[in-house]
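Chemist: Attaching a single structure in structure tokens format; questions to follow.
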Amino acid sequence: MEGSKTSSSTMQVSFVCQRCSQPLKLDTSFKILDRVTIQELTAPLLATAQVKPGETQEEEANPGEEPFIETRQDGVSRRFIPPARMMSTESANSFTLIGEASDGGTMENLSRRLKVTGDLFDIMSGQTDVDHPLCEECTDTLLDQLDTQLNVTENECQNYKRCLEILEQMHEDDSEQLRMELRELALEEERLIQELEEVEKNRKIVAENLEKVQAEAERLDQEEAQYQREYSEFKRQQLELDDELKSVENQMRYAQMQLDKLKKTNVFNATFHIWHSGQFGTINNFRLGRLPSVPVEWNEINAAWGQTVLLLHALANKMGLKFQRYRLVPYGNHSYLESLTDKSKELPLYCSGGLRFFWDNKFDHAMVAFLDCVQQFKEEVEKGETRFCLPYRMDVEKGKIEDTGGSGGSYSIKTQFNSEEQWTKALKFMLTNLKWGLAWVSSQFYNK
């Protein structure tokens, strides 16, 4: 409900429909309410069913007890609660009417009237399931609904009456037959109850089995997931191992190719490359000798002598040859020969040049001793291969090499009292003899 004040002397009060919330204009009859009208509006609904005289006395004797009816067939107890009755006209729902107020009490009279009207609607709402007030349209709708419910109730009442008439018209035989059918139905009910109990037991057993099966299925799912993870891990390891295997196979093929290539490669020829560069004999691109027009550095000459000593030392070891009188000591560009008769005597196969070079004859003695070792190598080869012959004959006592296939001249391997041209040519012939010895050893010991 809502109210609004339009002036200081008048008040327009409007009520709202409790369904559609539309403002209402009350009928003028609400302004004049006597005691009888209020009692009719606020009186509760009374039971319309007539009560037998005997029952009336019983109810009057026990007004505080509630009627109790028990049906014999279904054993269901039903209780009827009558509606509340108006015990006195001076109950809590009564109103005290106020007479007409004077003009000075208009506002007070209007407030009281408003309170009475509001209380009246509250009482009406409490007596029924419908909230009041209602507008005309909502009232018509409510009446239509009540008419529908009334029709349904009347139809049900007619059906009950027909059933009651049929029951009253039934004979005793029909009743006995019905009782027999009832007993049969009761037996059938007991049988069905037993079957239901059996089914319930089976259901419990099946439920327990289902729970066990579900637990087993869950365990199997977990095992399957674990096996799947392990399978994935093994698959990953397999792929990695396959990659490693392919890599190793590729390495093996490459290593086999290199091995085949190395088997076909002569180690001595690959390690010691003897050739010539103009008038110089070279070993591994180091020139051995020097000319006035081409003053080769002594470091290069010493390195060439170191490679030459290493070559002869390797050939001797391959053949198992032990040199007499001297022992070769490969030591890079400071290689030397060690005298077997005098351990303290070392013959250096390197030189630094200068004035000392012309007066120091150890370098010459070392070259002659090396030529002696080459001669011993030649003699050792000739023991097993009589047809073996070096292109240049060597005279160890004189320290010379003869050009037997050419001019027939002899060239000293010493530097003292010798020209650089002849010394360089003698060294070139010596390298040529070593190349022939290298070729023979390679042919004899290639597969050994």
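From the backbone N, Cα and C atoms, a Cβ is placed for every residue, glycine too.
Okay, so Swiss-Prot annotates it like this:
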type    : residues : note
MOD_RES : Met1     : N-acetylmethionine
MOD_RES : Ser14    : phosphoserine
MOD_RES : Ser29    : phosphoserine
MOD_RES : Ser88    : phosphoserine
MOD_RES : Ser91    : phosphoserine
MOD_RES : Ser94    : phosphoserine
MOTIF   : 106-125  : motif 'BH3'
MOD_RES : Thr117   : phosphothreonine
COILED  : 140-267  : coiled coil
REGION  : 243-448  : region 'Evolutionary conserved domain (ECD)'
REGION  : 423-448  : region 'Required for membrane-association'
Chemist: DSSP says what for the region 'Required for membrane-association' (423-448): how many helix, strand, coil residues?
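Modeler: Secondary-structure breakdown of the region 'Required for membrane-association' (423-448): 22 helix, 0 strand, 4 coil.
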Chemist: Could you check the modified residues Ser29, Thr117 and say which one's CB has the fewest neighbouring CB atoms inside 10 Å?
Modeler: Ser29
Chemist: What mean pLDDT score does the region 'Evolutionary conserved domain (ECD)' (243-448) have in the model?
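Modeler: Summing pLDDT over the region 'Evolutionary conserved domain (ECD)' (243-448) and dividing by its length gives 86.
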Chemist: If H, G and I count as helix, E and B as strand, and all else as coil, what does DSSP give for Ser29 (phosphoserine)?
Modeler: helix
Chemist: Per DSSP, Thr117 (phosphothreonine) is which: helix, strand or coil?
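Modeler: Once the DSSP labels are grouped into three classes, Thr117 (phosphothreonine) ends up as helix.
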Chemist: Cα distance, Ser29 (phosphoserine) to the residue listed as 'phosphothreonine', nearest Å?
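Modeler: That comes out at 11 Å between the alpha carbons.
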